[in-house]
2 protein chains.
Amino acid sequence: MRNIKLIIEYDGTAYAGWQVQPNGVTVQETLERSLAQMLGGPVRLHSSGRTDAGVHAMGMVAAFKTEKNLPLRAFSDGLNSLLPRDIAVRGAEEMPATFHPRFDAVGKHYRYTIFTGRYRSPLQRLYAWHCRRSLDVAAMRRAAGHFVGEKDFAAFRGAGCAAKTTVRRVEAVDIAAAGEFLQLDVRGNGFLKQMVRMMVGTLVEVGTGRLAPDDVRRFFETPVPAAKGVTAPSHGLCLVEVYY
Amino acid sequence: MRNIKLIIEYDGTAYAGWQVQPNGVTVQETLERSLAQMLGGPVRLHSSGRTDAGVHAMGMVAAFKTEKNLPLRAFSDGLNSLLPRDIAVRGAEEMPATFHPRFDAVGKHYRYTIFTGRYRSPLQRLYAWHCRRSLDVAAMRRAAGHFVGEKDFAAFRGAGCAAKTTVRRVEAVDIAAAGEFLQLDVRGNGFLKQMVRMMVGTLVEVGTGRLAPDDVRRFFETPVPAAKGVTAPSHGLCLVEVYY
């Protein structure tokens, strides 16, 4: 059996997230349908993880097994000709039979984009969260330092998160300001459900002055505090890369 | 009568261009409908010019007259609450009665974005032209120099262009390369129908080697040559600013 790894970019606007589910079309089922069409039978894609409805990806990783003797190009250019315009394969690679996109991942890089303009922006509406209030970036950077390290992120898991442990290692939270945009780059060894969006929501609370930078420390205390700040909307988030 | 100037941003993807026409919904009619709703009667918007179907704008300028005594905020925040998400007012200003967005404009800045990645990009598909072939940027810059100055752009007018004279002054054509993107910034005192898109299409012909940089000079000779190169697609184009 061949084990084929795909690197996938998608605009999540029209999808109910990555994973197959009863309500709404998902990215996974759209890819599986195109693969089945190409391979002449059902295919199961295993991914590096899920993304919520509306979240985008530049580097989602998924893999599938097949006996078919098609060239790798079939799984990039060929698949791209079957996929809708908001999903594309950026690369296909032959992997050892033991490779698994989720179990073998050692880290992920997410990017969150905030637009701080006075008026809402039609050209940014699908890819950036519009925060009208002015944000204290220096305070956000100080607060971001509290996320870095191996910590218990129990306060930063969304409802329905099924992870067995809530301990994760965040390597870096970098905040770049350019004109009316803030770009938050978050890297770590793994993330709980909605963890990045809850981190960003908390940092924006700090940016507006509703929380002090050191208040973030409280969220890592036991017992986990009830007030968790806001969850940033999904459309500002993009999975940039999965590391192996 | 008050004369109100609006600066308008829009995502042109869903529209049949700026100007009211029988086939398809336009940006102008969408704005006029929201203004009529706010002012309680029909309103006529006069713009700095038209944009083709699919072209975007960050700084389209339009103006309308009204007797209503509403504060300026009504025409920015108020109007934004009535407009669809792909159109927004970025500013409203009280102007002298004689101000006209088209006749008073002294220049315009258009930006054209080209994506040169190996695979098509779902996240860029609405705002950048995907050129798969590798482009010689140095050759494109040399060719771009031939566009600068006061010249007869008769070879760079689209079908149905109604302009009386085809002489225009192009101030600059700047080409910036960053990663897999080329950004072409074109500034001039005015542009014929599809002129920027035909200029960009010609520059891409130079970039791929199908035309030499000096071949561009031929398009300014008399009689106008028949072969005009390709017209770049509309979705890569954005009207950045109108100068007064």
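One is the number of the first residue shown, and numbering goes on along the chain from there.
Placement of Cβ uses the backbone N, Cα and C atoms for every residue, glycine included.
Those TrEMBL annotations? Automatic predictions, nothing curated.
What TrEMBL says about this one:
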ACT_SITE  B:Asp52  active site, nucleophile
BINDING   B:Tyr110  substrate binding site
DOMAIN    B:7-104  domain 'Pseudouridine synthase I TruA alpha/beta'
DOMAIN    B:143-244  domain 'Pseudouridine synthase I TruA alpha/beta'
Residues near B:Tyr110 (substrate binding site) by Cβ (under 8 Å) yet at least 6 apart in sequence within the same chain, in sequence order, are B:Asp185, B:Val186, B:Arg187, B:Phe191, B:Val196, B:Leu237, B:Cys238, B:Leu239, B:Val240
When the domain 'Pseudouridine synthase I TruA alpha/beta' (B:7-104) is classified with DSSP, how many of its residues are helical, how many are strand and how many are coil? 27 helix, 26 strand, 45 coil
Would you identify the secondary structure of the residue listed as 'substrate binding site' according to DSSP, in three states? strand
All chains considered, the count of other Cβ atoms within 10 Å of the Cβ of B:Asp52 (active site, nucleophile) is 21
Summarise the domain 'Pseudouridine synthase I TruA alpha/beta' (B:143-244) as counts of helix, strand and coil residues per DSSP. 28 helix, 31 strand, 43 coil
Confidence summary for the domain 'Pseudouridine synthase I TruA alpha/beta' (B:143-244), mean pLDDT rounded: 93
